[in-house]
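Student: According to Swiss-Prot, the record shows the following:
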| type | residues | note |
| --- | --- | --- |
| BINDING | Gly107, Arg108, Val109, Ile110, Asp111, Thr129, Ala130, Ala131, Ser132, Ser138 | NAD(+) binding site |
| BINDING | Asp134, Asp181, His265 | substrate binding site |
| BINDING | Asp181, His261, His277 | Zn(2+) binding site |
Amino acid sequence: MSTDPVQVLQPDGFNKSRWTQLPRDVLIGHQAIMQLPDIIADIKPGRSVLLISGGTTREVAGNTVADILKDQYEVRRFVAGKLDADTLEACSQASSSADFLIGVGGGRVIDCAKIVSYKQGKPFISVPTAASHDGIISGRATLPTETGSVSVGAHPPIAVVADTGIISQAPHRLMASGCADVISNYTAILDWELAHRLRGEQISEYAIALSKMTAEILVKDANLIKPGQEEAAWIVVKALVSSGVSMAIAGSSRPASGGEHKFGHALERLMPGAALHGEACGIGSIMTMYLHGGDWREIRSSLARIGAPTTPRELNIPDEVIVEALMKARDIRPERFTILDMGLTRESAEHLVQMLYEE
């Protein structure tokens with residue numbers, strides 16, 4: 001028997017850490033906008049605010065916000081037209097003396113507030129007037145470029161105030177687009193799991209579970225998503241918030257952005273403005289679910305029940321443009337591995353597009 005001392009193996013030390021940024025307050029519901037002063041009083045971000053809105057959303061909700069805050073806060077106004085470098089610079093200058101920012105509007109306005117507040121290190125409050133995509137709560141923003149758009153890092157809002165009465169009166173196409181954005185989570189998480197198996201990419205089971213559950217609930221309640229219904233706005237906004245939280249938990253957009261989003265960005269480069277973000281992702285999700293061998297018909301059926309497009313024809317987009325977008329998707333964020341990065345041929349892409357029209 002050996003008399004050598006026993007060697008005790010020391011396991012490697014645990015060294016994981018993650019900084020998860022989430023909104024401090026989230027208020028969703030009927031006349032929620034009237035409780036904005038209470039939210040601000042709870043957060044205590046300061047006394048001077050830059051109120052950012054769009055030309056239309058200024059009338060829809062921006063003026064209301066200004067009126068309910070003017071007696072307690074120093075309110076300055078900024079109207080964000082198109083989101084570009086000049087607008088961001090002008091907004092930055094306008095916000096130089098503000099303690100915090102409030103974005104009242106759709107995706108463009110919220111992204112403007114998100115980017116400017118992030119660069120200046122100031123908090124911002126998100127007051128969406130439409131439920132068109134999960135950017136109302138996420139820490140990423142979409143910045144248009146000459147060749148389409150790019151996703152840039154920012155930080156999530158310190159608070160979200162979503163008035164379901166206002167949101168329900170927005171064009172139904174916007175809400176249907178938001179639904180499609182959430183439903184596309186199904187294929188986003190399949191792509192993430194694929195990257196984990198083939199490339200060793202780290203995944204978050206918590207983020208995946210939340211993202212999938214959010215998509216499942218929206219599919220289950222698809223028949224309730226009707227134009228002008230405040231209950232529909234309630235369901236969709238909660239889903240968008242949950243989807244945004246899943247990204248915050250993951251520390252990236254992975255649980256809500258896969259090949260269907262790469263396809264969507266490629267389509268935007270080829271035909272800018274032809275489809276809303278969520279609409280493109282919804283159609284992309286039908287095709288990528290087919291490639292994953294999943295139930296693509298269920299996704300298509302759910303989108304149709306909500307009123308979101310399921311074919312290029314509904315958006316007046318030529319089929320060959322969709323084929324080209326599928327082929328170019330691999331060039332979008334090449335570091336993000338998805339099912340579209342596994343050697344899709346043009347012939348297969350053409351088959352995918354024709355499959356969209358099958359009964």
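Every residue gets a Cβ built from N, Cα and C, even glycine.
Context for these features, please: burial, neighbours, distances.
Tutor: Under DSSP, Ala130 (NAD(+) binding site) is assigned to coil, being neither helix nor strand in the three-state scheme.
Of all the Cβ atoms in the protein chains shown, 26 others lie within 10 Å of the Cβ of His265 (substrate binding site).
Of all the Cβ atoms in the protein chains shown, 34 others lie within 10 Å of the Cβ of Asp181 (substrate binding site).
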Student: Just name the most isolated of the binding-site residues His261, His277, going by other Cβ atoms within 10 Å of its Cβ.
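Tutor: Sparsest of the binding-site residues His261, His277 by Cβ contacts within 10 Å: His277.
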Student: Expressed to the nearest Å, what is the distance separating Gly107 (NAD(+) binding site) and Asp181 (substrate binding site) at their Cα atoms?
Tutor: 13
Student: How many neighbouring Cβ atoms, not counting its own, are there within 10 Å of the Cβ of Asp134 (substrate binding site)?
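Tutor: That number is 28.
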Student: Suppose the Zn(2+) site is Asp181, His261, His277. Which further residues of the same chain have a Cβ inside 8 angstroms of that site's Cβ centroid?
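Tutor: Close Cβ neighbours, site residues excluded: His133, Asp134, Ala180, Ser184, Ser257, Glu260, Gly264, Gly278, Ala280, Cys281.
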Student: For the substrate site (Asp134, Asp181, His265), what does the 8 A shell look like? I mean other same-chain residues with CB within 8 A of the CB centroid.
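Tutor: Not counting the recorded site residues, we get His133, Gly135, Ser184, Ala256, Ser257, His261, Gly264, His277, Gly278, Cys281.
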